[in-house]
Amino acid sequence: LECHNQQSSQPPTTKTCPGETNCYKKVWRDHRGTIIERGCGCPTVKPGIKLNCCTTDKCNN
């Protein structure tokens, strides 16, 4: 599986995730504005953080 791993509005980058079946995208807000984190897997998140998990290559941009 290949997942995007750039932060927020950085230029898109990807990484290969051996053995993973999910990519994720987490979105939250703080004093800097909206923060977006992308990567492999499907982590558990605290309340108030939006999480999208998906199962195809580069699906988490």
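Even glycines carry a Cβ here, placed using N, Cα and C.
Noted from Swiss-Prot: C54 is disulfide-bonded to C59, selected from C42, C59.
Using C59 (disulfide bond) as the reference Cα, a 10 A cut-off selects C23 from the disulfide-bonded residues C17, C23, C42.
When the CA atoms are compared, the disulfide-bonded residues lying within 10 A of C53 (disulfide bond) are C23, C40, out of the candidates C3, C17, C23, C40. In this structure, the disulfide-bonded residues under consideration are C3, C53, and the one with the smallest number of other Cβ atoms within 10 Å of its Cβ is C53. For C23 (disulfide bond), the same-chain residues lying six or more positions away in sequence with a CB closer than 8 A to its CB are L1, C3, H4, C17, R38, G39, C40, G41, C53, C54, T55, T56, K58, C59, N60.
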